[in-house]
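Asks: Before I ask anything, let me first share the structure, which is written out below as structure tokens.
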């Protein structure tokens, strides 16, 4: 067994599930202290939550680098670890403007964790996304002969697999393919800002709807790219197999479609979506300004279609 294979055999997810609940509890405790105007306790609890969050991401480096083999996500996590440590230090030192961002993280975990840790909720979400992905592929006649079937893995009863007889390749919709992570981020950010409830509701409804549609399109693209081997070019095989530690050339199309193109485009799409949603919830720009200021970029962001002096720019 190679060193990479040995590292990939390590299982950290059960421990990170427990740690995630601890992190959520710490952030919620900080939010509760803030609501009770106990600023000193809020700073200490929230700073501790950020430092625990750094530990959480650090533990996940192995999973995303050697099991999931995602370059984009691994780079983001490597940035997240020192960023969480630094934000925690700033909060502890009295930078109270970061309590809004901390409140957003608390809401994100409240949205995300029940789906991630509940087998029933996770299964329902996966099957809903898989069914709609298969429906779009069939409706657009993009894959003649594709079979939508039950997960062949032993012990799984989920209808989440697309098999392409023409190439013998199959793709599965798993939890990471549901878009719940992005929906949790936007839901948490919008819930955390100080804005009228109606505008927040519009922002959440729009962001979740757009993310859901984009995610279905993403799954359609990945399933077809893998099923029909769209990126099976000899000049791609060497670099991609070396980058991701692959031994089977038939997996190159999947990794190019998912780990490279889809994930890079997702970062761009989410940034664009945040700018779009700021039309209804311009308070999101305050969080963006705060994040930029952490890295030494002091700017004042203005959405071109929003008057920041208006109390309800959605009207």
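Backbone N, Cα and C atoms are what each Cβ position is placed from, and that goes for glycine too.
Under the heading transmembrane segment, Swiss-Prot lists 12-32, 47-67, 74-94, 173-193, 204-224, 227-247, 260-280, citing sequence analysis as support. The active site, acyl-thioester intermediate feature in Swiss-Prot is assigned to 177; the stated evidence is similarity to another entry. If you look up Swiss-Prot, you'll see 218 marked as active site, proton donor, on the strength of similarity to another entry. Annotated site 'Transition state stabilizer' per Swiss-Prot: 259, in sequence order, evidence recorded as similarity to another entry.
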Asks: Taking just the CA atoms, what is the gap between residue 177 (active site, acyl-thioester intermediate) and residue 218 (active site, proton donor) in Å?
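Replies: The Cα atom of residue 177 (active site, acyl-thioester intermediate) is 9 Å away from the Cα atom of residue 218 (active site, proton donor).
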Asks: Cβ distance under 8 Å to residue 259 (site 'Transition state stabilizer'), same chain, sequence separation 6 or more: which residues?
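Replies: Those within reach of residue 259 (site 'Transition state stabilizer'), by Cβ under 8 Å and sequence separation of 6 or more, are 69, 70, 71, 72, 244.
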Asks: For the residue listed as 'active site, proton donor', just count the other CB atoms lying within 10 A of its CB, please.
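Replies: Taking all protein chains shown, the residue listed as 'active site, proton donor' has 22 Cβ neighbours within 10 Å.
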Asks: Which residues of the chain, 6 or more past the ends of the transmembrane segment (204-224), have a CB below 8 A from one of its CBs?
Replies: 129-130, 132-133, 136-137, 142-143, 162, 171, 173, 177-179, 182-183, 186-187, 190-191, 230, 254, 257-258, 261-262, 265-266, 269, 273, 276-277, 280
Asks: Do any residues, 6 or more residues outside the transmembrane segment (173-193), come within under 8 Å Cβ-to-Cβ of it, and if so which ones?
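Replies: Sequence-distant neighbours of the transmembrane segment (173-193): 68, 100-101, 103-112, 115-116, 122, 125-126, 129-130, 133, 160-161, 200, 203-204, 207-208, 211-212, 214-215, 218-219, 222, 266, 270, 273-274, 277, 281, 283-284, 286-287.
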Asks: Would you count the other CB atoms within 10 A of the CB of residue 177 (active site, acyl-thioester intermediate), including those on all shown protein chains?
Replies: 23
